[in-house]
(Lines of atoms letter the chains of each structure in order from A and count residues from 1; the text may use other names and numbers.)
(Lines give C-alpha, C1' and ligand atoms only; values in the text may rest on other atoms or scores of the structure.)
Protein backbone atom coordinates (compact mmCIF):
# COMPACT_ATOMS: atom_id res chain seq x y z
CA UNK A 1 0.00 0.00 0.00
CA UNK A 2 1.12 3.56 -0.66
CA UNK A 3 2.75 5.47 2.20
CA UNK A 4 3.28 9.23 2.14
CA UNK A 5 5.72 9.79 4.94
CA UNK A 6 4.04 8.06 7.88
CA UNK A 7 0.56 8.27 6.34
CA UNK A 8 -0.68 5.02 4.82
CA UNK A 9 -3.40 5.17 2.17
CA UNK A 10 -6.25 2.67 2.30
CA UNK A 11 -6.49 2.61 -1.50
CA UNK A 12 -4.22 3.50 -4.41
CA UNK A 13 -7.04 5.40 -6.16
CA UNK A 14 -6.77 9.13 -5.45
CA UNK A 15 -9.02 12.10 -6.18
CA UNK A 16 -7.27 14.81 -8.19
CA UNK A 17 -7.30 18.46 -7.14
CA UNK A 18 -9.65 20.37 -9.47
CA UNK A 19 -10.41 24.07 -9.29
CA UNK A 20 -14.04 24.86 -8.50
CA UNK A 21 -14.78 21.15 -8.11
CA UNK A 22 -12.93 19.55 -5.20
CA UNK A 23 -14.32 21.78 -2.49
CA UNK A 24 -14.82 20.44 1.03
CA UNK A 25 -18.23 18.90 0.41
CA UNK A 26 -17.19 17.12 -2.79
CA UNK A 27 -14.08 15.76 -1.09
CA UNK A 28 -16.20 14.46 1.78
CA UNK A 29 -18.47 12.72 -0.70
CA UNK A 30 -15.68 11.09 -2.71
CA UNK A 31 -13.88 10.05 0.47
CA UNK A 32 -17.01 8.15 1.50
CA UNK A 33 -16.71 6.25 -1.78
CA UNK A 34 -13.30 4.97 -0.72
CA UNK A 35 -10.72 7.32 -2.21
CA UNK A 36 -7.30 6.66 -0.74
CA UNK A 37 -6.56 10.38 -0.71
CA UNK A 38 -8.54 13.50 -1.60
CA UNK A 39 -6.80 16.76 -2.49
CA UNK A 40 -8.14 20.29 -2.14
CA UNK A 41 -8.60 22.75 -4.96
CA UNK A 42 -5.47 24.65 -5.98
CA UNK A 43 -4.89 27.58 -3.61
CA UNK A 44 -2.73 30.58 -4.52
CA UNK A 45 -0.05 30.80 -1.84
CA UNK A 46 0.07 34.60 -1.75
CA UNK A 47 -3.71 34.79 -1.35
CA UNK A 48 -3.38 32.19 1.38
CA UNK A 49 -0.95 34.20 3.48
CA UNK A 50 -3.18 37.25 3.02
CA UNK A 51 -6.02 35.11 4.35
CA UNK A 52 -8.43 35.94 1.55
CA UNK A 53 -11.93 34.60 2.15
CA UNK A 54 -11.81 32.39 -0.93
CA UNK A 55 -8.45 30.84 -0.08
CA UNK A 56 -9.50 30.13 3.49
CA UNK A 57 -12.65 28.42 2.23
CA UNK A 58 -10.68 26.32 -0.26
CA UNK A 59 -8.27 25.05 2.39
CA UNK A 60 -11.03 23.79 4.67
CA UNK A 61 -10.28 20.17 5.59
CA UNK A 62 -11.65 17.18 7.44
CA UNK A 63 -9.62 16.96 10.63
CA UNK A 64 -10.53 13.38 11.55
CA UNK A 65 -8.59 11.70 8.72
CA UNK A 66 -5.11 12.64 7.46
CA UNK A 67 -5.93 11.33 3.97
CA UNK A 68 -8.73 13.90 3.83
CA UNK A 69 -6.46 16.77 4.85
CA UNK A 70 -4.25 17.32 1.80
CA UNK A 71 -4.01 20.94 0.63
CA UNK A 72 -2.60 21.91 -2.77
CA UNK A 73 -0.65 25.16 -3.06
CA UNK A 74 0.38 27.10 -6.16
CA UNK A 75 2.86 29.90 -6.59
CA UNK A 76 6.40 30.70 -7.67
CA UNK A 77 7.95 32.35 -4.59
CA UNK A 78 9.66 29.79 -2.33
CA UNK A 79 9.29 31.83 0.85
CA UNK A 80 5.62 32.59 0.21
CA UNK A 81 4.78 28.96 -0.59
CA UNK A 82 6.67 27.85 2.52
CA UNK A 83 4.75 30.33 4.68
CA UNK A 84 1.43 29.21 3.19
CA UNK A 85 2.38 25.58 3.82
CA UNK A 86 3.16 26.32 7.47
CA UNK A 87 -0.16 28.16 7.85
CA UNK A 88 -2.02 25.13 6.54
CA UNK A 89 -0.07 22.79 8.79
CA UNK A 90 -1.01 24.96 11.77
CA UNK A 91 -4.67 24.77 10.71
CA UNK A 92 -4.59 20.97 10.58
CA UNK A 93 -3.39 20.00 7.11
CA UNK A 94 -1.59 16.64 7.11
CA UNK A 95 -0.13 16.76 3.57
CA UNK A 96 0.96 19.69 1.39
CA UNK A 97 0.81 19.17 -2.38
CA UNK A 98 2.67 21.53 -4.71
CA UNK A 99 1.12 22.45 -8.05
CA UNK A 100 3.63 22.11 -10.88
CA UNK A 101 1.06 20.92 -13.39
CA UNK A 102 -1.72 23.44 -13.98
CA UNK A 103 -1.65 24.48 -17.67
CA UNK A 104 -4.08 27.42 -17.39
CA UNK A 105 -2.79 30.62 -19.01
CA UNK A 106 -3.66 32.70 -15.95
CA UNK A 107 -1.60 30.41 -13.71
CA UNK A 108 1.30 29.92 -16.12
CA UNK A 109 1.34 33.67 -16.80
CA UNK A 110 2.14 34.18 -13.13
CA UNK A 111 5.03 31.73 -13.52
CA UNK A 112 3.25 29.13 -11.42
CA UNK A 113 1.78 25.71 -12.21
CA UNK A 114 3.45 23.92 -15.11
CA UNK A 115 5.59 27.00 -15.86
CA UNK A 116 7.78 25.89 -12.95
CA UNK A 117 8.88 22.87 -14.97
CA UNK A 118 10.89 25.29 -17.14
CA UNK A 119 13.05 26.41 -14.21
CA UNK A 120 14.53 23.47 -12.34
CA UNK A 121 16.63 25.68 -10.06
CA UNK A 122 13.55 27.58 -8.88
CA UNK A 123 11.69 24.29 -8.53
CA UNK A 124 14.43 22.98 -6.25
CA UNK A 125 14.22 26.11 -4.08
CA UNK A 126 10.45 25.68 -3.76
CA UNK A 127 10.78 22.01 -2.82
CA UNK A 128 13.50 22.70 -0.26
CA UNK A 129 11.77 25.71 1.31
CA UNK A 130 8.45 23.91 1.66
CA UNK A 131 9.90 20.70 3.09
CA UNK A 132 11.95 22.73 5.57
CA UNK A 133 8.95 24.82 6.65
CA UNK A 134 6.68 21.95 7.71
CA UNK A 135 6.85 18.67 9.60
CA UNK A 136 4.13 17.03 7.50
CA UNK A 137 4.78 15.28 4.16
CA UNK A 138 5.11 17.35 0.98
CA UNK A 139 4.07 15.97 -2.42
CA UNK A 140 4.05 17.41 -5.93
CA UNK A 141 1.83 17.12 -9.00
CA UNK A 142 3.44 17.84 -12.37
CA UNK A 143 3.12 17.16 -16.09
CA UNK A 144 5.58 15.18 -18.20
CA UNK A 145 7.14 18.47 -19.31
CA UNK A 146 6.50 21.85 -20.89
CA UNK A 147 6.45 20.53 -24.47
CA UNK A 148 7.65 17.51 -26.44
CA UNK A 149 11.18 18.89 -26.54
CA UNK A 150 11.43 19.34 -22.77
CA UNK A 151 9.86 16.28 -21.16
CA UNK A 152 11.83 16.67 -17.95
CA UNK A 153 9.48 15.06 -15.43
CA UNK A 154 12.05 12.34 -14.52
CA UNK A 155 14.67 14.98 -13.75
CA UNK A 156 12.25 17.15 -11.81
CA UNK A 157 11.01 14.13 -9.86
CA UNK A 158 14.61 13.35 -8.85
CA UNK A 159 15.09 16.94 -7.69
CA UNK A 160 11.87 16.69 -5.70
CA UNK A 161 12.81 13.38 -4.08
CA UNK A 162 16.31 14.62 -3.21
CA UNK A 163 14.70 17.66 -1.58
CA UNK A 164 12.53 15.51 0.66
CA UNK A 165 9.30 15.42 -1.33
CA UNK A 166 7.49 12.16 -0.50
CA UNK A 167 5.29 11.46 -3.55
CA UNK A 168 5.07 12.56 -7.18
CA UNK A 169 1.95 12.59 -9.34
CA UNK A 170 2.42 12.92 -13.09
CA UNK A 171 -0.25 13.94 -15.58
CA UNK A 172 0.71 12.23 -18.81
CA UNK A 173 0.63 15.31 -21.04
CA UNK A 174 2.88 18.29 -21.60
CA UNK A 175 1.70 21.76 -20.71
CA UNK A 176 1.45 22.67 -24.39
CA UNK A 177 -0.99 19.81 -24.94
CA UNK A 178 -3.36 21.15 -22.29
CA UNK A 179 -5.96 18.34 -22.44
CA UNK A 180 -5.66 17.45 -26.13
CA UNK A 181 -4.44 14.12 -27.44
CA UNK A 182 -3.94 11.15 -25.14
CA UNK A 183 -2.17 10.92 -21.81
CA UNK A 184 1.24 9.28 -22.23
CA UNK A 185 1.15 6.65 -19.51
CA UNK A 186 4.25 4.95 -20.93
CA UNK A 187 6.37 8.03 -20.26
CA UNK A 188 5.28 8.05 -16.63
CA UNK A 189 7.21 4.77 -16.30
CA UNK A 190 10.45 6.73 -16.82
CA UNK A 191 9.52 8.84 -13.80
CA UNK A 192 8.79 5.74 -11.75
CA UNK A 193 12.19 4.33 -12.70
CA UNK A 194 13.93 7.58 -11.73
CA UNK A 195 12.85 7.75 -8.08
CA UNK A 196 12.17 5.52 -5.10
CA UNK A 197 9.24 7.50 -3.71
CA UNK A 198 5.65 6.64 -4.76
CA UNK A 199 4.64 7.77 -8.25
CA UNK A 200 1.00 8.29 -9.21
CA UNK A 201 -0.31 8.22 -12.80
CA UNK A 202 -2.90 10.78 -13.89
CA UNK A 203 -4.73 11.67 -17.08
CA UNK A 204 -7.58 10.07 -19.07
CA UNK A 205 -8.51 7.65 -16.29
CA UNK A 206 -12.26 7.62 -16.80
CA UNK A 207 -13.26 3.96 -16.40
CA UNK A 208 -12.15 0.54 -15.10
CA UNK A 209 -10.24 -0.53 -18.18
CA UNK A 210 -8.31 2.72 -18.47
CA UNK A 211 -7.42 2.61 -14.79
CA UNK A 212 -5.93 -0.86 -15.17
CA UNK A 213 -4.13 0.06 -18.40
CA UNK A 214 -2.69 3.23 -16.85
CA UNK A 215 -1.23 1.24 -13.96
CA UNK A 216 0.18 -1.46 -16.21
CA UNK A 217 1.76 0.89 -18.73
CA UNK A 218 3.12 3.39 -16.22
CA UNK A 219 4.25 0.98 -13.54
CA UNK A 220 2.96 3.59 -11.10
CA UNK A 221 2.06 2.88 -7.50
CA UNK A 222 -1.41 4.34 -7.88
CA UNK A 223 -3.71 6.39 -10.05
CA UNK A 224 -5.28 9.80 -9.67
CA UNK A 225 -8.76 10.32 -11.12
CA UNK A 226 -9.89 13.78 -12.16
CA UNK A 227 -12.57 14.74 -14.67
CA UNK A 228 -13.88 11.17 -14.75
CA UNK A 229 -15.65 11.75 -11.43
CA UNK A 230 -17.77 14.63 -12.75
CA UNK A 231 -21.28 13.49 -11.87
CA UNK A 232 -19.92 10.07 -10.87
CA UNK A 233 -18.26 10.36 -7.46
CA UNK A 234 -18.82 6.61 -7.06
CA UNK A 235 -16.36 5.94 -9.92
CA UNK A 236 -13.53 5.92 -7.38
CA UNK A 237 -15.18 3.00 -5.58
CA UNK A 238 -15.82 1.16 -8.84
CA UNK A 239 -12.21 1.51 -10.00
CA UNK A 240 -10.78 0.43 -6.65
CA UNK A 241 -13.04 -2.64 -6.63
CA UNK A 242 -12.09 -3.55 -10.20
CA UNK A 243 -8.36 -3.22 -9.53
CA UNK A 244 -8.68 -5.42 -6.45
CA UNK A 245 -11.02 -8.13 -7.78
CA UNK A 246 -11.00 -7.88 -11.57
CA UNK A 247 -14.78 -7.61 -11.42
CA UNK A 248 -16.94 -4.66 -12.41
CA UNK A 249 -19.02 -3.02 -9.70
CA UNK A 250 -22.34 -1.65 -10.99
CA UNK A 251 -23.11 2.04 -10.69
CA UNK A 252 -25.71 3.05 -8.09
CA UNK A 253 -29.33 2.64 -9.13
CA UNK A 254 -31.31 5.74 -10.10
CA UNK A 255 -32.91 5.72 -6.66
CA UNK A 256 -29.49 5.53 -5.03
CA UNK A 257 -28.21 8.30 -7.29
CA UNK A 258 -31.12 10.50 -6.21
CA UNK A 259 -30.15 9.94 -2.59
CA UNK A 260 -26.51 10.79 -3.34
CA UNK A 261 -27.28 13.98 -5.25
CA UNK A 262 -29.88 15.12 -2.69
CA UNK A 263 -27.45 14.75 0.20
CA UNK A 264 -24.70 16.44 -1.81
CA UNK A 265 -27.07 19.29 -2.72
CA UNK A 266 -28.09 19.78 0.92
CA UNK A 267 -24.44 19.81 1.99
CA UNK A 268 -23.58 22.47 -0.60
CA UNK A 269 -26.46 24.72 0.48
CA UNK A 270 -25.60 24.27 4.17
CA UNK A 271 -21.93 25.03 3.59
CA UNK A 272 -22.15 27.99 1.19
CA UNK A 273 -25.59 29.41 1.97
CA UNK A 274 -28.50 29.79 -0.44
CA UNK A 275 -27.29 32.57 -2.74
CA UNK A 276 -23.84 31.09 -3.33
CA UNK A 277 -24.78 27.44 -2.94
CA UNK A 278 -27.40 27.18 -5.69
CA UNK A 279 -25.07 28.30 -8.54
CA UNK A 280 -22.34 25.96 -7.26
CA UNK A 281 -24.80 23.07 -7.04
CA UNK A 282 -26.02 23.62 -10.61
CA UNK A 283 -22.82 22.37 -12.25
CA UNK A 284 -22.97 19.19 -10.18
CA UNK A 285 -26.65 18.72 -11.08
CA UNK A 286 -25.71 19.03 -14.76
CA UNK A 287 -22.97 16.42 -14.40
CA UNK A 288 -25.11 14.03 -12.37
CA UNK A 289 -27.98 14.11 -14.87
CA UNK A 290 -25.87 13.88 -18.01
CA UNK A 291 -26.95 10.96 -20.17
CA UNK A 292 -30.30 10.39 -18.46
CA UNK A 293 -33.55 10.61 -20.49
CA UNK A 294 -34.86 14.17 -20.95
CA UNK A 295 -31.88 15.51 -19.02
CA UNK A 296 -31.27 18.40 -21.44
CA UNK A 297 -34.68 19.89 -20.71
CA UNK A 298 -34.18 19.31 -16.98
CA UNK A 299 -30.82 21.08 -17.01
CA UNK A 300 -32.21 24.08 -18.90
CA UNK A 301 -34.97 24.41 -16.33
CA UNK A 302 -32.69 24.08 -13.31
CA UNK A 303 -30.23 26.62 -14.70
CA UNK A 304 -32.93 29.28 -14.53
CA UNK A 305 -33.99 28.47 -10.98
CA UNK A 306 -32.72 30.35 -7.92
CA UNK A 307 -34.87 29.15 -5.05
CA UNK A 308 -33.04 26.29 -3.28
CA UNK A 309 -36.24 24.52 -2.21
CA UNK A 310 -37.64 24.65 -5.75
CA UNK A 311 -34.36 23.29 -7.16
CA UNK A 312 -34.39 20.39 -4.71
CA UNK A 313 -38.00 19.60 -5.59
CA UNK A 314 -37.14 19.69 -9.31
CA UNK A 315 -34.27 17.25 -8.77
CA UNK A 316 -36.59 14.81 -7.02
CA UNK A 317 -39.27 15.23 -9.69
CA UNK A 318 -36.79 14.55 -12.49
CA UNK A 319 -35.24 11.47 -10.93
CA UNK A 320 -38.66 10.08 -10.02
CA UNK A 321 -39.70 10.48 -13.66
CA UNK A 322 -36.61 8.53 -14.76
CA UNK A 323 -37.45 5.76 -12.28
CA UNK A 324 -41.06 5.65 -13.49
CA UNK A 325 -39.89 5.38 -17.10
CA UNK A 326 -37.69 2.42 -16.18
CA UNK A 327 -40.50 0.42 -14.58
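All residue numbers here begin at 1 and follow the chain in the order shown.
Backbone N, Cα and C atoms are what each Cβ position is placed from, and that goes for glycine too.
Predicted, not measured: the structure shown is a model, and the values here were computed from it.
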Annotated companion of 17, 18, 19, 141, 202, 203, 204, 226, 227 at the FMN site, Swiss-Prot, chosen from 57, 72: 72
Pairwise CA distance, residue 226 (FMN binding site) versus residue 102 (active site, proton donor), rounded so that it is a whole Å: 13
Packing count at residue 141 (FMN binding site) (other Cβ atoms within 10 Å of its Cβ): 25
